[in-house]
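Peer 1: Supplied in structure tokens, the structure appears directly below.
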Amino acid sequence: MSMKTIFNESSIFFWDIGDETKQLIELINGSFLSTLISVLGIIGSAINIAVFYKQGPGSSINISFALLALSELCGLLTLLWYTICGNPFVLKYEDTIFYFPEVKHLTAGFPHGCFYGVTSWITVFIMAERCLCVAFPLNVKKLITPRRTKITIFCIYLLMFLSMAPQYACKYLDWKFVPRFNRSYIGLIIIEESRQIEDVSSALFSSYMISSFLAVPTLTSTLLVLYSSSAKWRYTNADRKKVFSSRDRSLVKIVLVEGFIFSASYSVSVLVLMMNILLPEFNYVGRMSNLFFVCFSFTFLFDAFNSSIHFVLYLKMSSNYRATLRELFKVFSVRGWEHR
């Protein structure tokens with residue numbers, strides 16, 4: 001692997017990797033692994049949405065899981081487009097007017113980050129809801145109603161979109177000359193006068209992401225303690241058995257596993273965000289841009305895994321999910337035979 005040292009005016013050095021190494025790692029992580037996982041995850045997320053829609057909006061947890069699956073689906077679709085834009089075997093520069101290494105950031109990179117932020121905060125909300133369910137099983141349905149769940153998650157979507165909106169005020173797509181190919185393409189144009197707006201937007205978005213990263217393991221630990229303590233005496237208390245059903249216990253276990261998976265996969269993204277904050281040259285146009293892109297190829301890989309694993313998790317751990325899924329397949333099978 002090649003590596004180069006870059007010096008700035010203050011003689012502070014930055015480590016960056018060579019172009020060939022960057023292209024190889026991006027090809028493996030993006031063009032192959034992330035693409036494969038994203039395609040499987042898109043199918044799984046679509047099935048999740050169908051299952052929770054079939055189960056109905058009467059339960060707040062069903063609404064949360066359905067809207068979580070929606071954000072994961074959108075995040076995986078944008079990630080798939082990002083990997084396609086970076087795949088030299090799919091898109092040839094000489095056959096198009098777009099310079100995809102730059103176009104992908106505005107059309108896929110930022111939207112993916114936005115939807116992943118939505119996913120992270122919906123995960124926080126689900127963890128908090130399950131904590132309340134275990135701690136106050138008699139009152140949780142009064143505290144968290146389907147209507148309040150919809151309003152809360154709508155606010156999460158809105159907040160993430162608003163935090164990302166300034167990025168589109170700072171940059172746009174237009175014709176530019178690319179020396180590497182000695183011709184003009186439609187690429188990314190950055191408005192220099194709006195750098196401060198971009199910095200504020202990035203800092204705000206990073207704070208949201210880091211906060212959610214800290215919240216999830218905290219709530220996961222809290223839920224684990226609450227669930228463990230309740231398990232010691234729930235079988236000796238008849239009222240507790242009625243209130244805390246087997247379905248509730250299954251949901252708690254699912255949410256706990258989700259929390260552990262999220263914390264593990266999301267730690268990579270938070271590390272990259274911290275590097276972006278602490279290192280001024282660590283960004284997509286800075287002098288550590290190669291290292292930036294390589295690190296983000298790993299974050300996208302873990303993002304894809306986190307968003308794609310839920311279908312397997314629900315299928316493995318929820319009998320209610322499996323029953324609804326069988327009903328859906330029966331409906332599609334009957335309709336298929338009717339049209340023959």
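Note that Cβ sites are derived from N, Cα and C of the backbone, with glycine treated the same way.
Below are the features I grabbed from TrEMBL:
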{"type": "DOMAIN", "residues": "44-314", "note": "domain 'G-protein coupled receptors family 1 profile'"}
{"type": "TRANSMEM", "residues": "32-53", "note": "transmembrane segment"}
{"type": "TRANSMEM", "residues": "65-84", "note": "transmembrane segment"}
{"type": "TRANSMEM", "residues": "115-139", "note": "transmembrane segment"}
{"type": "TRANSMEM", "residues": "151-169", "note": "transmembrane segment"}
{"type": "TRANSMEM", "residues": "208-229", "note": "transmembrane segment"}
{"type": "TRANSMEM", "residues": "250-279", "note": "transmembrane segment"}
{"type": "TRANSMEM", "residues": "291-315", "note": "transmembrane segment"}
Peer 1: When you look at the transmembrane segment (115-139) alongside the transmembrane segment (208-229), do they share 3+ Cβ pairs under 8 Å, ignoring any pair fewer than 6 residues apart in sequence?
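Peer 2: Contact between the transmembrane segment (115-139) and the transmembrane segment (208-229): present, because at least 3 Cβ pairs are under 8 Å.
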Peer 1: Are there three or more C-beta pairs under 8 angstroms joining the transmembrane segment (32-53) and the transmembrane segment (291-315), sequence spacing 6 or more?
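Peer 2: The answer is yes, given that the two segments have at least 3 Cβ pairs within the 8 Å cut-off.
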Peer 1: If you count Cβ pairs under 8 Å, which stretch among 32-53, 151-169, 250-279 touches the transmembrane segment (65-84) the most?
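Peer 2: Checked against 32-53, 151-169, 250-279; highest Cβ contact count belongs to 32-53.
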Peer 1: Which bits of the chain, at least 6 residues beyond where the transmembrane segment (151-169) starts or stops, bring a Cβ under 8 A of a Cβ in it?
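Peer 2: Tertiary neighbours of the transmembrane segment (151-169) are 63-64, 67, 71, 106, 110-111, 113-115, 117-118, 121-122, 125, 191, 194, 197-198, 200-202, 204-205, 208.
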Peer 1: Residues of the same chain, at least six outside the transmembrane segment (250-279), with any C-beta under 8 angstroms of its C-beta?
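Peer 2: Hits for the transmembrane segment (250-279): 14, 61, 116, 120, 123, 126-127, 130, 133-134, 202-203, 206, 209-210, 212-213, 216-217, 219-220, 223-224, 227, 288, 292, 295-296, 298-299, 302-303, 305-306, 309-310, 313-314, 317-320.
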Peer 1: Along the domain 'G-protein coupled receptors family 1 profile' (44-314), what average pLDDT does this model show?
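Peer 2: Averaging the confidence scores along the domain 'G-protein coupled receptors family 1 profile' (44-314) gives 84.
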